[in-house]
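Step one of this worksheet: look at the structure below.
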Amino acid sequence: MSLSFTKMQGLGNDFVVLDGVNASIHLTPEQIRTIADRRLGVGCDQLLLVEPATHADADFRYRIWNADGGEVEHCGNGVRCVARFIVERGLSDATQLTFQTQRGLTRTERLADGLVRVDMGAPVLKPADIPFLADAQANQYPLTVDNTTWQIAAVSMGNPHAVLRVDNVDQAPVSTLGPLIEHHPCFPERVNVGFMQIIDPKRIRLRVFERAVGETPACGTGACAAVVASILNGWTEAQVEVSVPGGQLMIDWQGLNTPVWMTGPAVSVFEGRLAAGMA
Ligand SMILES: N[C@@H](CCC[C@H](N)C(=O)O)C(=O)O
């Protein structure tokens, strides 16, 4: 079967997006790895599949696989792209949509200028639910890696994040410390690792080493987790501009048990067809 796809990106975090509403799509982890491969396939950080919802309050179901073929719970840049994909593919013309994900319901609203605003849900801070091994919940935890102890925040936005405050993200050890924390035994499902520099109470800079992918130009859930960590620790106010290597996201969080709001771009790059045998 030859399957059509759209290549999309949100601040350089890139996706292959598939329409599972008009076709029944079942891909093996090996097929996903090949499609995501930048030499053997199309190339992407995540593969996204839109399907009919099975939840009464959702318009569509939306599933996410990392480039290594593993299915994950949530993707912030991805959900903005999917909101746009649905309109471009004629699946709906609604400005507001509700998506069913592994982590629950996520609501999107298309704004002017190609921006999409997303209700990312309330962050999860209880260690066992992240999951993160700690005796008690705290705003920061000591984490020892190779005899050096770092202070990290642990936050789930549906998917797990560790956030470290650094003086300068340009000099942060993203490619060396990132994978060590990703695989740290205190994170039994591995973790995305954010390196955050506070510029002032309204602005941060962030680089994220994504679980199963490596450093990406942007991570939407990572930006939400970093802002939650910075607010909990008293470093920023409730509305924060997050500068990542791929551009800017606006994140707004009013505090415990309230949703994190994320606003950012979603861009279609090209459409194509996967050759028979690829899918
Ligand atoms: N790029 C994403 C996050 C994708 C999933 C992540 N790598 C994980 O394993 O949890 C985003 O924009 O949030």
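Backbone N, Cα and C atoms are what each Cβ position is placed from, and that goes for glycine too.
No curator has checked TrEMBL annotations; they are predicted automatically.
Marked as substrate binding site by TrEMBL: ASN13, GLN46, ASN66, GLY76, ASN77, ASN159, ASN192, GLU210, ARG211, GLY220, THR221. Taking Cβ-Cβ distances under 8 Å and a sequence separation of 6 or more, the neighbours of ASN77 (substrate binding site) in its chain are GLN9, GLY10, LEU11, ASN13, PHE15, ALA218, CYS219, GLY220, GLY264, ALA266.
In this structure, CYS75 (active site) belongs to neither helix nor strand by DSSP; it is coil. The number of other CB atoms found within 10 A of the CB of CYS75 (active site), across every protein chain shown, is 30. Per TrEMBL, active site is recorded for CYS75.
For CYS75, the entry in TrEMBL reads active site, proton donor.
For PHE270 (site 'Important for dimerization'), the number of other Cβ atoms no farther than 10 Å from its own Cβ, over all displayed protein chains, is 9. The annotation site 'Important for dimerization' is assigned in TrEMBL to PHE270.
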Please list, in sequence order, every residue of the chain apart from ASN13, GLN46, ASN66, GLY76, ASN77, ASN159, ASN192, GLU210, ARG211, GLY220, THR221 whose Cβ lies within 8 Å of the Cβ centroid of the substrate site.
ASP45, ILE64, VAL72, HIS74, CYS75, GLY78, VAL208, VAL213, THR216, CYS219, GLY222
Rounded inter-Cα distance in Å - PHE270 (site 'Important for dimerization'), ARG211 (substrate binding site):
26
Based on a Cβ-to-ligand 1 distance below 6 Å, what subset of the recorded positions ASN77, THR221, PHE270 would you report?
ASN77, THR221
Could you say which of the binding-site residues ASN13, ASN192, THR221 has its Cβ with the most other Cβ atoms inside 10 Å?
THR221
Euclidean distance between Cα atoms of CYS75 (active site) and ASN192 (substrate binding site), Å:
11
